[in-house]
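Before any comments, here is the structure.
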Amino acid sequence: LKCNKLIPLAYKTCPAGKDLCYKMYMVSNKTVPVKRGCIDVCPKNSLLVKYECCNTDRCN
């Protein structure tokens, strides 16, 4: 699986066991992601932070 880094022009290949890509946003500003990468389990959203997870190459 390949996941985009913070700047989508760059990406990395995920290590074994991390088979989801994610994008993290601040709830107050959903237009600008603050973090992207590989993850094993999609975190729950909170009052401040929203996560979007997916499982295809560079989907984040």
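Yeah, the Cβs are placed from backbone N, Cα and C, and that goes for glycine too.
Taken from Swiss-Prot as is:
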type	residues	note
DISULFID	Cys3-Cys21	disulfide bond
DISULFID	Cys14-Cys38	disulfide bond
DISULFID	Cys42-Cys53	disulfide bond
DISULFID	Cys54-Cys59	disulfide bond
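Annotated features, which come from Swiss-Prot, shown on the structure.
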| residue | record | DSSP class |
| --- | --- | --- |
| Cys3 | disulfide bond | strand |
| Cys14 | disulfide bond | coil |
| Cys21 | disulfide bond | strand |
| Cys38 | disulfide bond | strand |
| Cys53 | disulfide bond | strand |
| Cys59 | disulfide bond | coil |
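Sorting the disulfide-bonded residues Cys14, Cys21, Cys38, Cys53, Cys59 by the number of other Cβ atoms within 10 Å puts Cys21 first. Proximity of Cys42 (disulfide bond) to non-local residues of its own chain (separation of 6 or more, Cβ distance below 8 Å) is seen for Leu20, Tyr22, Tyr51, Cys53, given in sequence order. Looking only at other Cβ atoms within 10 Å, the busiest spot among the disulfide-bonded residues Cys3, Cys54 turns out to be Cys3.
Spacing of Cys21 (disulfide bond) relative to Cys38 (disulfide bond) is 5 Å (Cα to Cα, whole number). For Cys14 (disulfide bond), the disulfide-bonded residues whose C-alpha atoms fall inside a 10 Å radius of its own C-alpha are Cys3, out of Cys3, Cys54, Cys59.
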